[in-house]
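Have a look at the structure below, then the notes.
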Amino acid sequence: MLTKAFLSPAEIEERIAQEAASDKDRKLTPEQIEAIYSNGTNILVSASAGSGKTFVMVERILDMIGRGVGIDQLFISTFTVKAAGELKERLEKRLTKHLGQAETDEERAFLSDQIAKIGTADIGTMDAFTQKLVNQYGYLLGVSPTFRIMTDLAEQTLMKNEVYADLFNDYMQGKDAQLFQKLVRNFTGHSKTSKAFRDLVYDIYSFSQATADPEKWLCQNLLKGQIEAKPEQAKNELLDGLKDGLLADFLAFLRDHLGIAQREFAKAKYLNNVSDAIILLEGSLINDQTDMEDLLKQLLTLSGGTGLTNMTRPKDEELKAYKEAYNKTKNEFVAQLREVDTQLTVLEVLTKHNDDILPMLELLQSFVLDFSDQYLQAKIQENTFEFSDIAHFAIRILEENPEVAVSYRDRYHEVMVDEYQDNSHTQERMLELLSNGHNRFMVGDIKQSIYRFRQADPQIFNDKFQLFLENPDAGKLILLKENFRSQSEVLDATNGVFSHLMDQEIGDILYDKTHMLVAGSQKQKEPHPENETEVLIYNSDESSTSEDEEGPDQAISSGEISLVIKEIIKLHEQGVRFEDITLLAPNRNTYLDLMVSFEEHGIPLVPDEYKSSYLESLEVMIMLDTLRAINNPLNDYALVALLRSPMFNFNEDDLTRIAVQADKGQFYDKLLAAHTKSGLHPEVVMQGLEAKLTLFTETLADWRDYSKCHSIYDLIWKIYNDRFYYDYVGGLPRAEQRQANLYALALRANAYEKTGFKGLSRFIGMIDKIIASGNDLEEVTDLVPKNAVSLMTIHKSKGLEFKYVFVLQMNRKFIGHSKDGLSGKYIINREKGLGIKYLADLKDQINTNLPKLNVVLETLTFQENRREERRASISEEMRLLYVAMTRAEKKLYLVGKGSKETLTQQYGTDVENNRLPVALRDQIATYQDWIMALDTAFMRKDLKFTVRFVEDEELTPEAIGQVEVKAAVDADDLSNNRQTEEIERALTVLESVEKLNHLYAPAIDLPSVRTPSQLKTFYEPIMDTEGVDIMDKKEGVQPLETASTFELPDFGQKTKVTGAAVGSATHELMQRLTLSDTVTLQDLTQALSRVSASDQVKARVQLEKLLGFFDTELGKLILANRDKLRREAPFAMLAEDPASKEDFVVRGIIDGYLLLEDRIVLFDYKTDHFTHPSELKTRYQGQMSLYAKALSQAYQMEKVDKYLILLGGKDLEVVEV
């Protein structure tokens, strides 16, 4: 066997010296060499952004393999499946290279063996490993190796709801029913449902599942905070802290003021109250027996109204400023006194109710424990589990079976983990159990820990960091701070921000010289002043921003988008490719607005959502559920998915009417009962639903019969054709991609059957196994531009790098600061457990005739949990900004919005330890405010970024510009080109078939799909292409020509507002309009603002006419039946071409219709100019008949009322056709 000794510390130092003396262009740093070769102890590598941690891991693994450690003797945990695949690929490539350089047969044989074992080595996510372990050893817990992973959220929710409902009923009827009702009411209030209580139970359950031992956590930690809470003690501590804190500061402030005020404002009446307050405060600080509560109330009485307020009107400007400063500071002190008084009141009430809260929460604890157990039993019965179950099974197997744990410890030479900062406590316990105590290699960066929402705990990394830093015998700490990604302009700006912002208090780590980014190469240090980091702020009036627009999910403003577009066009003109530019957004709420604006300016933009899983694409999921339902209609999930799909369009009301036909049983049985009207409530099955049921049952029966004697490939195409589903997705956004996905599904089914496997059931089973394993079928190539600007979330960008980066919405409020942030009725903390708001009845404490006087009180644990959660949330936001800023290679832009006047004046110059004060950092609610506070407090030369406010005048269309598009090639210029003999022969052949083409023109020119607009020649007189003017029909009219001329668009021309553009905008407005009992002009204006059209086009939309429509009988009918309204509804149907007698598909979009019980009311908006309504009635008679026929066939309903809503005349007209 191949064996080589590992390097000693002295040999590692020698390697470091040799590397330093080498003439390599890019040398390994001493820390990288240490990380690659150190051994014999636990190692924590703190790797800053761009420091080459993946390179270090690969080199370390290769070094161990080169010393005789087999790849199967390593446990390597990655954060994602993709990262595992990339690591395996790198290792295989490098080992193959080493194999070619091997000098001995023994070495070649060993390396060949390692390459062969890469596929089965333990390199992957922790989820993948635990599944593998439970598959092998699950029998020790009674878990079958054929278990299935529940990846469908709907399936999980349904099973949880069933368990919860049964348990809830048991508790409502149990011995503690009265206390349980009080518990439920505490969280549901006056709600008629227990949903709020159910959400609490689910949240506690989910939180516990992220711990290493959920049952232990529920028993020991869930109520820990409440058990340890001592309101009386907290009250005394609060009062004790008043003397040396708030009251002493208030006294010093009043004394200073009185000395000046008696001279400058000698006759002011408020000074008597100031003197009395000073006397009270001085007495309290001298006398230890002072009743602090009584003192507090006296001070608040003195300061009530204008008691301590300086109401004088000095003429001197300095005195005026002094007066205002005094009043402001005084008000702040009084506000703090009132806050203390409120806290004392709450603590007093909590003291009286503390004995009532704990029994109630103990009952909640019992409920959650019972729910957790019964939910697990339900999953065991179905042999289907969640990822967290498998992880806990794996922990139990290793803890309860020492021989299994020892076998793994003996197997692994090293236990390695990447992205260690994002580990959960469950994962950490697994690593402890697999390790022998001194063979762990952990790589990560706490500054990039951004996954708390996945229960990752950065404190795990931090504890290890501090332990190894303070006690080297416990393990070796290696810091990789050299950055090999970014230019010095990006690194300097990042260091400038976080050296003044991040520390242990906020951010969880002290950002000092130890953690500062350092350029790893000389080339990175070369100055490029033009690439200095820019903070670009769209200068807007804050009063124009409502509270509803603020918060974590606020929309991006048009000014910010214009600002970004202008900078991108400038970069493009300088020769920067679009693919080198990336936009980083806090979430996907901004995507639509950005895509619309970028398209208007001719800039290609690709959001990350394009790179979605093939099996998770909506159209493929619908087809898979269709196949599942055909294979087994008793599969409730698949059946309901098929019913709800666009193929059958059952809505929630329809499904409810079906569900009430039986108390229990499968949904398919209820559906059949509804169809035959033999269920419990046949009266609720109306005519429209009855027609839907008939169509569905007949179609499903037909498909099931067809599947028995035809291939899956043929079945899939029959489904596409029977319900026009393939055509339907062709009318949706990204139609080409969707149709390619559906086409690929049919091809893959065909390929599957060619391997010898037959049957729908087997095919579905194969797909389900792929999904359960977390894998996917090979993606169909995305039909997106290659040279395009990228758009992704900051979370998605982690681990990636881009030349030019725009960080968007710097003004977005953090979750902890938004009005919805931490305002719920409970907060869960890992250490202190559950903190709640308690609904206390104060009737006995307050003299009142009311039957109850309920007041919501924040328990001590709730307050403590909120403080910790808020601080943890702000720290993660700071780390998220660090991730965003360190993605850039060349230049970084930080983009936001705000008032220049406010942002430049609201922060002071106070600093603490060369950082912004902790209180200020904690109070600030946005990235932008952090940046502006730094800009005010520190010198620009220390920050290395510039702040520029951009005005509306700089964002006019002329100032922004447009992407230049190369002129189209003029076909006439090619007329004299030389022609080869092959081209001449081809032209001859083409000319010879011209006669045949003319003879069979109707059939040849017949497209497989037509729209109603293309069929106007079937049912109306001759008309122009715009469909505006009706002309006299002439003899000898030639057939419709289908010339193949393709004119390239001229992007340089000035946009001309056409009638078609106004019509499209009007249609989109009516589609986007939110309907209520009444429609106002404001509603229409808001809907118009969301229309994706130019301002010139929007200006031509006649809102007054549209508003008048809702005063007509048809408009009132629509408002009264909003739940039955369908808008912009796609349809497809077969029709016969009169010339060729060939069938073709008619496909189009219906503006809208009402699906009533006895009839369908169809309507269509027309913006054509007219002098008399009868003109348009005649013109669109055939088109409306076509729509009516399609609806009649789809819903099996004969009566269809047809209306045209005419907007192109002097007055609005509603005409029945």
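Cβ atoms here come from the backbone N, Cα and C positions, even for glycine.
What you are looking at is a predicted structure, and each value in this text was computed from that prediction instead of being measured.
Annotation source Swiss-Prot lists domain 'UvrD-like helicase ATP-binding' at 26-487, citing sequence analysis.
Take the CB of THR54 (ATP binding site) and look out to 10 A: across all protein chains shown you find 16 other CB atoms. Annotated ATP binding site per Swiss-Prot: ALA47, SER48, ALA49, GLY50, SER51, GLY52, LYS53, THR54, in sequence order, evidence recorded as sequence analysis.
Sequence annotations record features per position, and here Swiss-Prot assigns domain 'UvrD-like helicase C-terminal' to 515-799.
Each of the binding-site residues SER48, SER51 was scored by other CB atoms within 10 A of its CB, and the lowest score goes to SER48. Ranked by how many other Cβ atoms sit within 10 Å of their Cβ, the binding-site residues ALA47, ALA49 place ALA49 at the bottom. The DSSP secondary structure for ALA47 (ATP binding site) is strand.
The DSSP secondary structure for THR54 (ATP binding site) is helix. Other residues of the same chain near the ATP site, with their Cβ within 8 Å of the Cβ centroid of ALA47, SER48, ALA49, GLY50, SER51, GLY52, LYS53, THR54, are ASP445, LEU480, ASN483, PHE484. This prediction places the mean pLDDT of the domain 'UvrD-like helicase C-terminal' (515-799) at 86. When other Cβ atoms within 10 Å of the Cβ of GLY50 (ATP binding site) are tallied across all protein chains shown, the result is 23.
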